[in-house]
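Q: Features from TrEMBL:
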- 12-33: transmembrane segment (TRANSMEM)
- 14-205: domain 'Cation efflux protein transmembrane' (DOMAIN)
- 45-61: transmembrane segment (TRANSMEM)
- 82-101: transmembrane segment (TRANSMEM)
- 113-135: transmembrane segment (TRANSMEM)
- 156-174: transmembrane segment (TRANSMEM)
- 180-198: transmembrane segment (TRANSMEM)
- 210-288: domain 'Cation efflux protein cytoplasmic' (DOMAIN)
Amino acid sequence: MKNPVKESYAFQKIIVIVGCILFLVKLSAWYLTKSVSILTDTLESTINILAGLFSLYSLYISSKPKDRDHPYGHGKIEFISAGVEGGLITIAGFIIIFESIKNLFISHSISKLDYGIVLVTASGFVNYILGVIAIQKGKKNKSLALVSGGEHLKSDTYSTIGLVIGLILIYFTHFFWLDSIIALFFGGIIIYTGIKIIRKSLAGIMDEADEDLIKELVQTLEKKRNDNWIDIHNVRFIKYGSSLHLDSHLTMPWYFNLKESDKELRSLEKIIKDNFGNRFEMFVHVDGCEDYSCQICQKKDCPVRKYPFKQKITWTIENIELNRNHSLENLNL
């Protein structure tokens, strides 16, 4: 099996190299046409290269093992990387809007649009393919840097599609003022994309709960739970770059010895690793069951049961995050 961090790092190298090539292609298109719309696309390619280099560095840092100064690893650098990328994208959007407004009042000629259209279309197609693959690999390897980079490339493609449509209109109508209007519109889209990426990176830095991640965890545990796990509660599932960390309490029969409890914890760990990958660690506190646990305990061969089983409690995001053992009374069932 490939190392997910090394795979992400290797693909980010490809993104940077291709980004440099596409920048030269777009620069050639602008030189041929003198179109401000194409200039905006070229400016964004500059941002792509800078953001790509920073993402590459962040993936290198996040791949380093834990040390004394960073006991949870270096994964949070990916959130910082995404934030910087979002900031650069937003700045590029404002520059594009400024240039567009300025060129609305300054007449300028456009030439060789047919060459420009072909070059920009080709670069947009390559960006889209690269973006889709980056998002797929980023999600598979739990890399925010790669996912945000892929989203950036895809948004770049969408703006390129609109740009090409606008250039075709200019080519046939000779309404050159459309050039600035098109650039203005896509400058706004670029700003929106940048702010969205910043928002996601801040959520990671602030350890905001990832609802999709927790939902996947709950579904996995609910599907694979066994009768010895009476409940799981006080769950905190945190993502540090491509690494995941679980804190929780697991309620088991009070008479289990250390060996039996350890066996259950290893089983829990295997289930989570099988679903989320090996870059995962957990700290689980074992709670012994109480008398009220009998009503929700599905263990049929329990030798010390005091009350009959009444109802299975389905684990949900809401009840696994509670800082108390499950019971029919606690959950108002």
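Backbone N, Cα and C atoms are what each Cβ position is placed from, and that goes for glycine too.
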Q: List, by number or range, the same-chain residues at least 6 past the transmembrane segment (82-101) whose CB is under 8 A from its CB atoms?
A: 36, 39-40, 43-44, 46-47, 50-51, 54-55, 144-145, 148-149, 152, 180-181, 183-184, 186-202, 204-205
Q: Tally the residues of the domain 'Cation efflux protein cytoplasmic' (210-288) by DSSP class, grouping H, G and I as helix, E and B as strand, and everything else as coil.
A: 33 helix, 29 strand, 17 coil
Q: Express the predicted model's confidence over the domain 'Cation efflux protein cytoplasmic' (210-288) as a mean pLDDT, rounded to an integer.
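A: When the pLDDT values over the domain 'Cation efflux protein cytoplasmic' (210-288) are averaged, the result is 89.
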